[in-house]
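Step one of this worksheet: look at the structure below.
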Amino acid sequence: GSCFIRTDQLDGETDWKLKVAVSCTQRLPALGDLFSINAYVYAQKPQLDIHSFEGTFTREDSDPAVHESLSIENTLWASTVVASGTVIGVVIYTGKETRSVMNTSNPKNKVGLLDLELNQLTKALFLALVALSVVMVTLQGFVGPWYRNLFRFLLLFSYIIPISLRVNLDMGKAAYGWMIMKDDNIPGTVVRTSTIPEELGRLVYLLTDKTGTLTQNEMIFKRLHLGTVSYGTDTMDEIQSHIINSYSQVHSQNSGNSTSSTPSRKPQSSAPKVRKSVSSRIHEAVKAIALCHNVTPVYESRAGVSGETEYAEVDQDFSDENRTYQASSPDEVALVQWTESVGLTLVNRDLTSMQLKTPGGHILTYYILQIFPFTSESKRMGIIVRDESSGEITFYMKGADVVMSTIVQYNDWLEEECGNMAREGLRTLVVAKKSLTEEQYQDFESRYNQAKLSIHDRNLKVAPVVESLEREMELLCLTGVEDQLQADVRPTLEMLRNAGIKIWMLTGDKLETATCIAKSSHLVSRTQDIHIFRPVTTRGEAHLELNAFRRKHDCALVISGDSLEVCLKYYEHEFVELACQCPAVVCCRCSPTQKAHIVKLLQHHTGKRTCAIGDGGNDVSMIQAADCGIGIEGKEGKQASLAADFSITQFKHIGRLLMVHGRNSYKRSAALGQFVMHRGLIISTMQAVFSSVFYFASVPLYQGFLMVGYATIYTMFPVFSLVLDQDVKPEMALLYPELYKDLTKGRSLSFKTFLIWVLISIYQGGILMYGALLLFESEFVHVVAISFTALILTELLMVALTIRTWHWLMVVAEFLSLGCYVASLAFLNEYFAPMTYFPFSVSTDVAFITTVTFLWKVSAITVVSCLPLYILKYLKRKFSPPSYSKLTS
């Protein structure tokens, strides 16, 4: 953020001095070339509060001194668009002092659940390695230097530890990320964290923001309520006709009189005495909405036009097609766009005035006397304007119903209609006005300026002065603005719910609006009961409300942030346990830190995987705290998108991201991880059998080159091709999201599946080694060639057995590996001898591997090792088919 002085308020020929209180001690040079401004900077406070800027402008000439306060209104925040003019200022609150950085927690290193599970299995394999080595030394009888033999056996059986597992998995994760970003069905998706794609297939809780995530953050004016009459989208033409008629009458009156003040003041003076007509009330309401805001119209420079002046707006004659609106809130833009649609257009605005264009093309000028900006504490904004033609001073104010209800005059319809609009999912604003005389305004201005110049407790002194105006204001209208749902939000939420994912909506909006959006988006079924948690402030109230909630079954929960804080303070475990049983939970009025706290609570109490999705900077903490964070590139910037693990452009893309890519990533990595373990276990089993047969000798079965080739060129391509495998087609996975439920149970990778692979490895390793020993005929030299060839063929066949859907690259990988092995068998034959033989003694191997004897022996061993597994797989699919098999048949 930065503190600025706007230069168009300064006289270029006058020297000004400025004192600014910021957290720095060095003296700054003169700022800018246009004006001589000496900035003296003092470190008055170690950590300056943004509300404590004190400043005065002092004119150093014969004119009387002019004192102006320097406050938060003179601040331009980061990413501010300067709609007109130029600014000179002092830059403060940068780097670590920016609000976004101070609101953001340090991100944790995210580790996927699959990686944690594989780590546990690797630890089990390490224990198996040590146990096997100790058993071998024990069976030796601890003869000689047994500890040396122990370490030899540890090295011989070290292939039990899958060293290549991490390399294969990381390459697989990179492949999954590439597939996600290349998916044409979810364009614009970016994988920012490549280490956790499998997490997308294990999610149980999805925590989502509302505005900009479930909704588009594009506001559309839907309703205008005047107390006795309400106008919707289908009756806006009536408002337009009223506006055209009222302004045509005013213009005719003005043209028929020498002074414009007299006809315009007569109806004003008689207004409090008689009931106003609907037309005049519409006129006042629309004018108030067109004036009470912080919107600035911006005119883009046309292509090919050079030498444009600052007054491009005048030169372009306020062309409607070239005008855009800049504002800090999309709600305000929607209101101004609506007044334009009914005939009253904001065409120009600067620091001191704004101009409106009537339906007849006449320009109305209003001077801005004071602005009271919207804050999260006040929940309202106000503006005092002076009509150029009549000189009338009017104070307009708009804000939330909770604060405006005590400011406006007594009425019997505001609270009820606000509730009705909120139930329709509309964001409501109450608009009011108060006419001021010149004396009233001058009195207010003097008191207000005096309070603003206070060095101490400025806010406490300014607030009562402003509140002195906020009394008995005339209620003009109630507006309803709709934030439209994003495309396909309803079917996406339905799909996620059918997939067994529980959805929690965490929003800063009020309870009624949040509840309505939850219903309209089908987050909560219209036939489903909703328990609205009564506001609680004490432990006793929280206990009573929890007991009332406990008696309800299968109902959605709606709770405010304040009540949530009380419940978590006294009954954290009970509340989380009850909330987790709900089909949907809506938390309204949530702060960013509360959102992150809820994520951590679910992780701690349930142990399940959580996913957070949001689009704004206030969602960053929640996204970083979740096991898997998804950011949407929305109108609130890219903060959430850049901080997330996955970035998408629309909420509906999350369905394919989880159901297709999450499912495939998890199942592929589970198969790949277990197969790499199997690859190490089978060769270690063969080594154990070999050592056992030869009196537990710690002699290696294969030479180093074969061991390196076994884990790389001979088997790597087919094993890694498992990352292309899929059990069901993407269309089926989206059509039947119930398949996703099986993934959350973790059955693809568990101790049960691990033990099955261990038994397969022991069986196949034993068959391969004993078969080779039985068939080596009196020439021991052939045992290596026979056993290793059978081992490679077995691995290739096991990959084929594991694959569920063939891809052409899988076939290429199988034949490429087989070709590499046959070539090395022919040209590197000296490596296919036991370590006890010299290379010159195996010259007969080239002739041996081309004989029918070699082929039938290898084939026989391979068939015995693989055929039973193929039969078992067929029987299992026949009598106990997996859930997806019915869809693939």
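Cβ atoms here come from the backbone N, Cα and C positions, even for glycine.
Unlike curated records, TrEMBL annotations are generated automatically.
Source: prediction; values computed, not measured.
According to TrEMBL, the features are:
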{"type": "TRANSMEM", "residues": "124-144", "note": "transmembrane segment"}
{"type": "TRANSMEM", "residues": "150-169", "note": "transmembrane segment"}
{"type": "ACT_SITE", "residues": "Asp209", "note": "active site, 4-aspartylphosphate intermediate"}
{"type": "BINDING", "residues": "Asp209, Lys210, Thr211, Glu332, Phe374, Lys398, Arg427, Thr507, Gly508, Asp509, Arg589, Lys595, Asn618, Asp619", "note": "ATP binding site"}
{"type": "BINDING", "residues": "Asp209, Thr211, Asp615, Asp619", "note": "Mg(2+) binding site"}
{"type": "COMPBIAS", "residues": "250-271", "note": "compositional bias 'Polar residues'"}
{"type": "REGION", "residues": "250-277", "note": "region 'Disordered'"}
{"type": "DOMAIN", "residues": "642-881", "note": "domain 'P-type ATPase C-terminal'"}
{"type": "TRANSMEM", "residues": "676-698", "note": "transmembrane segment"}
{"type": "TRANSMEM", "residues": "704-724", "note": "transmembrane segment"}
{"type": "TRANSMEM", "residues": "754-774", "note": "transmembrane segment"}
{"type": "TRANSMEM", "residues": "780-801", "note": "transmembrane segment"}
{"type": "TRANSMEM", "residues": "808-828", "note": "transmembrane segment"}
{"type": "TRANSMEM", "residues": "848-872", "note": "transmembrane segment"}
Which of the recorded positions listed here (Asp209, Thr211, Phe374, Arg427) have a Cα atom within 10 Å of the Cα of Asp619 (Mg(2+) binding site)? Asp209
If you measure from the Cα of Asp209 (active site, 4-aspartylphosphate intermediate), which of the binding-site residues Arg427, Arg589, Asp615 is the nearest? Asp615
What stretch in 150-169, 676-698, 704-724, 780-801, 848-872 has the biggest tally of Cβ pairs under 8 Å against the transmembrane segment (754-774)? 676-698
Taking only the CA atoms, the spacing between Gly508 (ATP binding site) and Asp615 (Mg(2+) binding site), expressed in whole angstrom, is 13
Give the maximum pairwise CA distance in Å, whole number, for the residues Asp209, Lys210, Thr211, Glu332, Phe374, Lys398, Arg427, Thr507, Gly508, Asp509, Arg589, Lys595, Asn618, Asp619 listed as binding ATP. 29
Just to be sure I understand: of Thr211, Phe374, Arg427, Arg589, which binding-site residues have a C-alpha no more than 10 angstroms from the C-alpha of Asp615 (Mg(2+) binding site)? Thr211
I want to check the contact list for Arg427 (ATP binding site): same chain, sequence separation of six or more, C-beta distance under 8 angstroms. What comes out? Met219, Asp331, Gly480, Val481, Glu482, Asp483, Asp509, Thr513
Sequence-remote partners of the transmembrane segment (124-144) [C-beta within less than 8 Å, at least six residues beyond its ends]: 150, 153-154, 157-158, 160-162, 677, 680-681, 684, 688, 691-692, 696, 698, 754
Which sequence positions outside the transmembrane segment (848-872), separated from its termini by at least 6 residues, show Cβ-Cβ distances below 8 Å to it? 760, 763-764, 767-768, 771-772, 775, 782, 785-787, 789-790, 793-794, 797-798, 801, 825-826, 829
Any idea what the model's mean pLDDT is for the domain 'P-type ATPase C-terminal' (642-881)? 86
Which residues of the same chain, at least 6 past either end of the transmembrane segment (704-724), have a Cβ under 8 Å from a Cβ in it? 159, 163-164, 168, 171-172, 175-176, 668-669, 671-672, 675-676, 679-680, 683, 784, 788, 791-792, 795-796, 799, 802-803, 807, 809-810, 813-814, 816-817, 820-821, 824, 828, 831-832
